[in-house]
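Sequence annotations record features per position, and here Swiss-Prot assigns signal peptide to 1-16. Annotation source Swiss-Prot lists N-linked glycosylation site at 118, citing sequence analysis. Look at Swiss-Prot and you will find 140 tagged as active site, nucleophile. What Swiss-Prot records for 159, 318, 331 is site 'Important for catalytic activity', and it gives similarity to another entry as the kind of evidence. Taken from Swiss-Prot, the feature disulfide bond applies to 386-390.
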């Protein structure tokens, strides 16, 4: 299937800005069918846990790690099995190199990762690798939109597992299959109170999506650059930037320490980091929404909702705003088309979920959709997949 699809796309690309995919893989907005796939009860399929920041770092993740240790071990095992044919000594390399580097991690992440390794019985190097490999290649769609009354909604699909083991029986990516079993929601507590919310893969201590009540919401999408996540990992592995900030740790730091939309924006725009990223930031007030396109040491591009060409929404996949997507990976065009069909009067959890449940923003890599409202502190994670003949990414 993948071979025939690739040939068709290669033939079509010569003069096309947006390549219409061949049936049955073509883009499709379910709003055209007057479908509603949003079922709020599905949020309860995802379990909630507490991470208490008042506890020592060595104690914060023990419950989560213990409850999910089989899933964590299974995922890491699949990862190593995928790497081993190309790198026969992969497991020794991971155990030795990442194990030796773990003590050099910044606190509190160092103690948290050590405790997860202890609670699961999984070697320290493997838990360390698990906590940074999301920095390399995560393809996603994030949306910030406001309704006619200026209420802001923030959502994203998280797509992960590209080229990580195609399952010819289930027609799905092996890593994506494993990750769907590991999705959790987290209440982060401080001084006995809720500080912020996130969803995570069990045992992963960074943050890709988070909401701080009455302050801001945050998602992070990979930004593919020549000097990208691999470069940051190599710098870290060779000790050139042992205390550097991974993008998911910078997101977590922002949620823990910043109290307003503007403070969070300034911090995300200006803090040096190890991997390029798009930070999509939402607030609780009208027009509070932006896309921060980050390089390693600065902001390359800032796009504000108040000046968006779409007027009432921003949509980010993994390309700079205003640039053309790679023809094999154009999720912007179907996303824009479906958002325009939604219209501003239908903005809300239901409407945006249906946009993100439309192909190809929904694809074989999609593991979940998260929906957030800073104003109401509402945070929902809904498991996603794209069964049948669906585009692989």
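Just so you know, the numbers here start at 1 and follow the chain as drawn.
Cβ atoms are placed via backbone N, Cα and C, with glycine included.
A map of Swiss-Prot features onto the structure.
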| residue | record | Cβ neighbours (10 Å) |
| --- | --- | --- |
| 118 | N-linked glycosylation site | 14 |
| 140 | active site, nucleophile | 25 |
| 159 | site 'Important for catalytic activity' | 29 |
| 318 | site 'Important for catalytic activity' | 22 |
| 331 | site 'Important for catalytic activity' | 26 |
| 386 | disulfide bond | 21 |
| 390 | disulfide bond | 19 |
For residue 318 (site 'Important for catalytic activity'), identify the closest of the recorded positions 118, 140, 159, 331, 390, judging by Cα separation.
140
Can you give me the Cα-Cα distance between residue 140 (active site, nucleophile) and residue 390 (disulfide bond) in Å, rounded to a whole number?
16
Measuring Cα to Cα, how many angstrom lie between residue 331 (site 'Important for catalytic activity') and residue 159 (site 'Important for catalytic activity')?
12
